[in-house]
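*Asks:* A single structure is presented below for examination.
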Amino acid sequence: MLRNRNAAPLMLVADGSTAADVLGAAGRALYRYRSELAPFTTALTLGAAGALLHAEHPGWWPYVACATAGLAGVVAATGAPFRATRRSERAYAVGAVLAAGGWLAAAVRLGTLTDPLPTVLGLLVLAGGLPWWTHRRRRMRVTVDRTIQAWPNIAEQVGLGGSRVLSAVVDVWGWRAHISLRGGQTVADVVAHVPAIESGLGTRPGAVRVEPDPAHAGRATIRVLANDPHAEAIAWSGPSVRSITQPITLGVFEDATPVRVSFLRRHALIGGIAGSGKSGILNVIVANLAACADVVLWGIDLKGGMELRPWVSCLDRLATTPAEATRLQRDAVGILEARARAMGDGSERVWNPSPEHPALIIITDEYAELAENAPLAADAADSVARRGRALAVTELAATQRPTQQAMGKGALRSQMDIRIALRVRERRDADLILGQGMLAAGWHAHTLDAPGKFLISAEGLDHPRRARGFLVTDDDVSGEAARWAPIRPPLDDLSAAAVGTARDAEAAGGSGPSEPQIIDDSVDPESALWAALREAPDEGLTIPELIMTTGMRRTWIYARLQNHAAGERAIQVSRGRWRAADPHREARAA
Ligand SMILES: Nc1ncnc2c1ncn2[C@@H]1O[C@H](COP(=O)(O)OP(=O)(O)OP(=O)(O)O)[C@@H](O)[C@H]1O
């Protein structure tokens, strides 16, 4: 006997084989196709049982009828013992039990071969068999069973020899198997073998996904998608939040779970080629933010306002020229400096958004235009990105290829906490959007094959899972913009005054919009640090807390702390915890 790739027993019997060989091969074939043959084997079993009971106990038919009714009740209530979880599956199982049990009761009383029982049994096999043979989940379960049996051969062929299937389940879109890798193999090896696995399993190209097991480096989940769950656009059903403090639902992953991500105190970067759906994702985000009464939205759209103008009724400001964009970004820096000063004087260490004290989000469509045509705006955006988190002033930028040039000379890209990659042309562009090494780790943005499909990297979302964003149509945009315009909050007084002050300084200094002042970043972190040290609790503040408060790097913080310590203004309370020295605290208390 020969075995094929999936270990299917072929019925080729060598010359001189014995009857036992033939029977063995037939037995294996019957076993392999037991699921498909189930309607026939059930009919044969019923026929035999009917004949036997009719001969021995023809009076037992009422017991058979009662047992049938009891079993049908259990199936209807629980789905057991057939694991019928869906309503349609349960209805089928109840019908099958009633038909089989009813026929058996009749056969016990009348005899299996008494007319019309054989004909009725044949019709029942057909009526029950058709849904059985065509049922997608049953066929999928069979495929999974066979794959588990054949996995050792497949694994050997695709270069993952020694890996084992620990468990497998059929899900809505296909099936998934949890596998254990041979010692020394890693999830990266599995990711690198995805095309070979697809070939080995005989799936369509692009059907296999690999997810690491967060609890075990030597295990992974292989998902096989029989159908693409993202084949159709996913209609927009309205905003998912009413406050910036809640995570926004951008779309759905392939397992139908929602993509939820918080934009509070986080900068975000959206990248992808023209037509990949960047504006679509931006619209989903803006439509959600517009419904939040604790965030003020500013927009920059240097493509003449083409993308953001439909939202103008919800935007507190919209810049469509380089000069306006520069003023806008510079005002944002003014706001964050005013907030930092106010917080330095008070007891709060972060700006907690509320309708009275809203967060500020600056949305830039096609950031490359800004970096190229308004470099001073890009410098200011850089400053916001470094210092704005704690002060709830954040940047949200979309661009085609976020190269260093497209993102300006600063460190903006490295400050982006949320990265959304739509389709890219070149494989390595995934690294540009998502960060170095992401392509090798399986973030294959070049394989996304429809607009609105994306990969997202953010806090709590650190595996490459494909998602598709909601489709917000032009009509949806007009509807949402009109719906939320009345609740849009103004800037708080402090921030509004900061904008006014910046304007006055501009007028007094005569620096026109095309020559805005460059903000000196070094002044404010210094006072923010000093204020934080003065306000620190007795046990002091940690370095990450000081980084958060000032928006500055660790090395900068260390250097300033050493300075303060040398001047006896600050002390290290315990390892890595700092606060102002006691005289200052006492003076403040007095
Ligand atoms: N989530 C989505 N589901 C289905 N179709 C989408 C989705 N997002 C966008 N599309 C469709 O894809 C097309 C291009 O989308 P979009 O304009 O957002 O791309 P883009 O990346 O912003 O392109 P460009 O850079 O040229 O502005 C549009 O016709 C839009 O209807």
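Yeah, the Cβs are placed from backbone N, Cα and C, and that goes for glycine too.
Here's the feature list from TrEMBL:
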| type | residues | note |
| --- | --- | --- |
| TRANSMEM | 37-54 | transmembrane segment |
| TRANSMEM | 60-79 | transmembrane segment |
| TRANSMEM | 91-110 | transmembrane segment |
| TRANSMEM | 116-133 | transmembrane segment |
| DOMAIN | 256-431 | domain 'FtsK' |
| BINDING | Gly272, Ile273, Ala274, Gly275, Ser276, Gly277, Lys278, Ser279 | ATP binding site |
| REGION | 502-521 | region 'Disordered' |
*Asks:* What are the sequence-distant neighbours of Ala274 (ATP binding site), meaning same chain, six or more residues apart, C-beta distance under 8 angstroms?
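*Replies:* For Ala274 (ATP binding site), the qualifying residues are Gln400.
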*Asks:* Helix, strand or coil by DSSP: which one applies to Ser279 (ATP binding site)?
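*Replies:* Looking at the DSSP assignment, Ser279 (ATP binding site) belongs to a helix.
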*Asks:* So what's near the transmembrane segment (91-110) in sequence-distant terms, Cβ-Cβ under 8 Å and 6+ beyond its ends?
*Replies:* 42, 46-47, 49-51, 53-54, 57-58, 60-62, 64-65, 67-69, 71-72, 75-76, 79, 82, 84, 117, 120-121, 124, 127-128, 131
*Asks:* Report, as numbers and ranges, every residue of the chain located at least six residues beyond the transmembrane segment (60-79) whose Cβ falls under 8 Å of a Cβ in that stretch; write 'none' if there are none.
*Replies:* 53, 85, 89-90, 93-94, 97-98, 100-102, 104-106, 108-109
*Asks:* For the binding-site residues listed here (Gly272, Gly275, Gly277), tell me which residue's CB has the most neighbouring CB atoms inside 10 Å.
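*Replies:* Buried the deepest by this measure is Gly272.
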*Asks:* Cβ within 8 Å of the ATP site's Cβ centroid: which residues qualify beyond Gly272, Ile273, Ala274, Gly275, Ser276, Gly277, Lys278, Ser279?
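*Replies:* Neighbours within 8 Å of the Cβ centroid, excluding Gly272, Ile273, Ala274, Gly275, Ser276, Gly277, Lys278, Ser279: Gly280, Gln400, Leu422, Arg423, Pro451.
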*Asks:* So if I draw a 10 Å sphere around the Cβ of Ser276 (ATP binding site), how many other Cβ atoms end up inside it?
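*Replies:* There are 24 of them.
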*Asks:* Report, as a single number, how many Cβ atoms besides its own are within 10 Å of the Cβ of Ser279 (ATP binding site).
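*Replies:* Around Ser279 (ATP binding site), other Cβ atoms within 10 Å: 22.
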*Asks:* Give the mean pLDDT for the domain 'FtsK' (256-431) on the 0 to 100 scale.
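*Replies:* Average per-residue pLDDT within the domain 'FtsK' (256-431): 92.
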*Asks:* Here are some binding-site residues: Ile273, Lys278. Which one has the most Cβ atoms within 10 Å of its Cβ?
*Replies:* Lys278
